[in-house]
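Going by TrEMBL, these are the annotated features:
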type: DOMAIN; residues: 49-159; note: domain 'Ferric oxidoreductase'
type: TRANSMEM; residues: 12-31; note: transmembrane segment
type: TRANSMEM; residues: 51-69; note: transmembrane segment
type: TRANSMEM; residues: 81-103; note: transmembrane segment
type: TRANSMEM; residues: 115-131; note: transmembrane segment
type: TRANSMEM; residues: 151-169; note: transmembrane segment
type: TRANSMEM; residues: 175-191; note: transmembrane segment
Amino acid sequence: MGFANQLVRRLPVWPVYLLGALPAPWLFYLGLTGGLGVEPIKALEHEYGELALQLLILTLAISPLRRLLGLNLLKFRRAIGLLCFFYVLCHLLVWLVLDVQILGQILTDIAKRPYITIGMGAFVLMLPLALTSNNLSVRKLGRTWSRLHRLTYAAAVLGAVHFVMLAKGFQIEPLIYLGLVLFLLALRVPYSRWLRLPSGTPVSGRS
């Protein structure tokens with residue numbers, strides 16, 4: 001991975017923001033011009049939400065890729081995370097402004113529809129992560145910053161569960177996303193714990 005890492009080091013971060021944001025206006029244009037089918041608002045919600053989940057999974061994959069394959073994409077993690085939140089916000093705004101529109105109905109849906117409650121929970125968890133994804137917050141918060149950004153794990157699980165619950169009937173794609181999230185989280189937690197164990201010590205001995 002030496003050559004790949006050298007190439008990554010030479011690449012600036014700003015193209016990630018630019019290229020990552022391009023699908024948003026393009027999808028909106030397709031929705032306006034009939035390119036998203038007979039229910040463009042629902043399709044737009046779905047596309048923005050799925051892009052957000054894909055970017056969140058990519059964010060979770062960066063550390064395992066570095067540890068297991070030696071591919072270092074850490075310089076892009078903040079950009080990918082902020083793009084993820086951008087698409088979550090687009091997903092939410094389409095639902096609020098174009099789909100439901102009525103405040104009372106919005107509040108009722110959040111309270112009474114579990115998949116919406118879970119989705120809003122993921123958004124609430126991601127909000128402080130987006131607001132603190134800057135160098136000033138890293139300096140001001142110190143170690144608290146790392147602990148705060150562990151909320152990413154819970155947000156990823158809630159986002160994947162939200163996507164599964166939205167599916168009508170049995171669909172494999174949402175389950176694949178949920179499986180990827182759980183797999184990436186499983187890679188992180190036990191591996192770090194096992195590395196700290198002395199030789200011959202059972203895992204349960206540290207629990």
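Positions of Cβ are set from backbone N, Cα and C atoms, glycine also.
Residues 1, 20, 23, 76-77, 80-81, 83-85, 87-88, 90-91, 152-153, 155-156, 159-160, 163, 177, 180-181, 184-185, 187-188, 191 of the same chain sit 6 or more residues outside the transmembrane segment (51-69) yet have a Cβ under 8 Å from a Cβ within it. Residue counts of the domain 'Ferric oxidoreductase' (49-159) by helix, strand and coil are 98 helix, 0 strand, 13 coil (DSSP-based). Confidence across the domain 'Ferric oxidoreductase' (49-159), taken as the mean pLDDT and rounded to a whole number, stands at 93.
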